[in-house]
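Colleague: Pasting the feature list from TrEMBL:
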ACT_SITE  Cys275  active site, nucleophile
BINDING   10-15, Asp35, Arg40, 88-92, 129-130, Glu164, 275-278, Arg345  NAD(+) binding site
DOMAIN    331-447  domain 'UDP-glucose/GDP-mannose dehydrogenase C-terminal'
Amino acid sequence: MVIKKICCIGAGYVGGPTCSVIALKCPDIEVTVVDKSSERIQQWNSNKLPIYEPGLYEVVLKCRDKNLFFSTNINKAITEADLIFISVNTPTKLNGNGKGRAADLKYVEGAARMIADIAQSNKIVVEKSTVPVKAAESILRILRANHKKGVKFQILSNPEFLSEGTAIDNLINADRVLIGGEESEGGQQAIKELSWVYEHWIPAEKIITTNTWSSELSKLAANAFLASRISNINSLSAVCEATGADISEVANAVGKDSRIGSKFLQASIGFGGSCFQKDILNLVYICECLNLPEVASYWQQVIDLNEYQKTRFTKKIVELLFNTVSDKKLAILGFAFKKDTGDTRESPAIYVAKTLLDEGAKLHIYDPKVEATQILDDLTHPSFTPDPEGVRKAIEIYDDPYQATAGTHAVVICTEWDEFIGLDYEEIYSNMMKPAFIFDGRKILNHDKLANIGFFVHTVGKQTVYKAVNGF
Ligand code: NAI
C-alpha cells in the first residue's frame, strides 16, 4: 500500500505541528487532523492557532486547505485514511489503581475503539502518544477484537520527540525518527510504509526501527534522561548557594567533557511541561509493577528533587523579603513552563504563585504568550485552591511588564523569555518599592548590572548579590 491519506486523531501540541510538517514535506499526501473539540478545530482553521509555536503559523498557512485539513468529521477522516496517528493526551491517572503515577490510557483506548468501529478497510495505526510499555499490544487486542470482517490492522509505535518552543525545527531537523513494529512480515511492511512518509525529508540513516516495546520504552527513557540532567544540575545548585560556588561555572566546566556535553545543564527553578513529570511517574509505576523497586525509587528521586528545587526557590523569596510576603505586591514575569510556548501545564510558575498566594502575597502576573484566561483557570482550579474568589482578588494580570512591576516589592522571573533580558531595569527599579528585589529563577539576567542599579538579586545556584547603595 502507498500512503495517500493520513488521519491524525488529536489536534494538540503534538498532532497539530507534526501533521503540519508532514503536509509541508509530503505534498503527495493528504493529511487530516481531527479532534473531538470543535473549538480547537475552529482555532486551527482560523488566524489564531490554538497553540503558539515559532514557525507553525507559516507552515499551516502554506498547507491548510491544500493537503492539510483540520476537521471534526472523525468518521470521514478515519474511513478514508491509509494510516492513522493516535496523538491524544495521556495524562497521569487521577483515580483508581496507579492514581498519581500511571498513565491514563482512556483517551488512547477511546481512539482505538473509534477506529475499530469506523474502519472498513485495512489501516496502519500509529501510536504517537507517549504510552507505557506494551500499550500497543493492548491497542491491537482492542482493534482485532472489534474489527469489521476482512479489515486488518497493523500497529506501530512512533513516539514523538519534539520539544515545545522548538517543535517545527525539531520536526524538520529531527535527531532521529523511531518506529517500532511487530517482527512479522505485516509488521515489517507497515514499518516500511511509515518510513517512506518520513523519508520525504528525513535521511534514511536517522530512521531507527526497533521492536514495539523498545520503541515505547525509549520514549520514556529519553524523557527520564533529560529530566534527570536537570535534577542533577539543580541538586548541585543548592550546594553552590551554600558554598559560594557558581552553578554556571560548574555547569560550564562539567559540560566541556565530551562524554557529558553541555546541553540541558542549565540550573533553574525546575522543569515543567506536560511530559517530564508524567512520563517519569509512569516509568516509576511500570518499575513497581515489574517488581523492580530499586529502579522505581531511583527515578522517583528525579521528581522529588524537582519538587525540592521549586520549594527551595520559593522559600528563599519569603525569607529574603524579611520572612513575610503578606499583602506585599510581587511581580511574576513569565507563566509558561518554558519560553516560546503558551503552554502552562506543570509550569513551575504555578507552584511559585500558589506558595506566594498561600503566604498572603498579591501577585501581578505578566507573560507574553499565555492568555489571561489560562492564568486564571490555572490559579483558580479546584486542585489549586479551595477559595477561587480569594485568588481572583489577589492577582492582577497585565499585558505589559513595566505596568506589572510598578509598585511591587519584588520581581520573580519564572520563564526564560528573551524579552525579559532586554527590559529597562533602571526604569523598573525606579517604579518599585524599596528595597527592590529580583529573583531570577531562570538565570537569564545580568546580576552584577542589576546589583549596580540597586536591586537585591537572588538567583539559583549562586549566593545572593547586592551592592551597598544609598547607605543601605
Ligand atoms: P493535547 O492535550 O495538547 O492534545 C490532545 C488532543 O487529543 C486534545 O485536543 C483532545 O481533545 C484530543 N482527543 C482526545 N481524545 C480524543 C478522541 N477520542 N477523538 C478525538 N480527539 C481526541 O496533548 P499533546 O501535548 O499534544 O500530547 C499528546 C501526546 O503526545 C501525549 O501522549 C504526550 O505525552 C505526547 N507528547 C507530547 C509532547 C509535548 O511536547 N506536548 C512531546 C512529545 C510527546
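Backbone N, Cα and C define each Cβ position, glycine as well.
What you are looking at is a predicted structure, and each value in this text was computed from that prediction instead of being measured.
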Colleague: Near ligand 1, which of the binding-site residues Tyr13, Thr92, Gln277 are found, taking a Cβ distance under 6 A to any of its atoms?
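Modeller: The qualifying binding-site residues are Tyr13.
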Colleague: Mean pLDDT for the domain 'UDP-glucose/GDP-mannose dehydrogenase C-terminal' (331-447), rounded to an integer?
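Modeller: Mean pLDDT for the domain 'UDP-glucose/GDP-mannose dehydrogenase C-terminal' (331-447): 97.
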Colleague: Give the residue counts of the domain 'UDP-glucose/GDP-mannose dehydrogenase C-terminal' (331-447) per reduced DSSP state, in the order helix, strand, coil.
Modeller: 43 helix, 20 strand, 54 coil
Colleague: List the Cα distance (Å, whole number) between Asp35 (NAD(+) binding site) and the residue listed as 'active site, nucleophile'.
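Modeller: If we compare the Cα positions of Asp35 (NAD(+) binding site) and the residue listed as 'active site, nucleophile', the gap is 20 Å.
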Colleague: Which secondary structure state does DSSP assign to Gln277 (NAD(+) binding site), in the simple three-class scheme?
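Modeller: In the DSSP reduction, Gln277 (NAD(+) binding site) maps to helix.
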Colleague: Might you list, by sequence position, any residue in that chain lying six or more from Tyr13 (NAD(+) binding site) with a Cβ less than 8 Å away from its Cβ?
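Modeller: Set apart from Tyr13 (NAD(+) binding site) by at least 6 residues yet with Cβ under 8 Å, we have Ile51, Glu53, Glu164, Ala167, Ser274, Asp343.
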Colleague: Can you grab the distance from Cys275 (active site, nucleophile) over to Gly10 (NAD(+) binding site)? Cα atoms, rounded to a whole Å.
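Modeller: That comes out at 16 Å between the alpha carbons.
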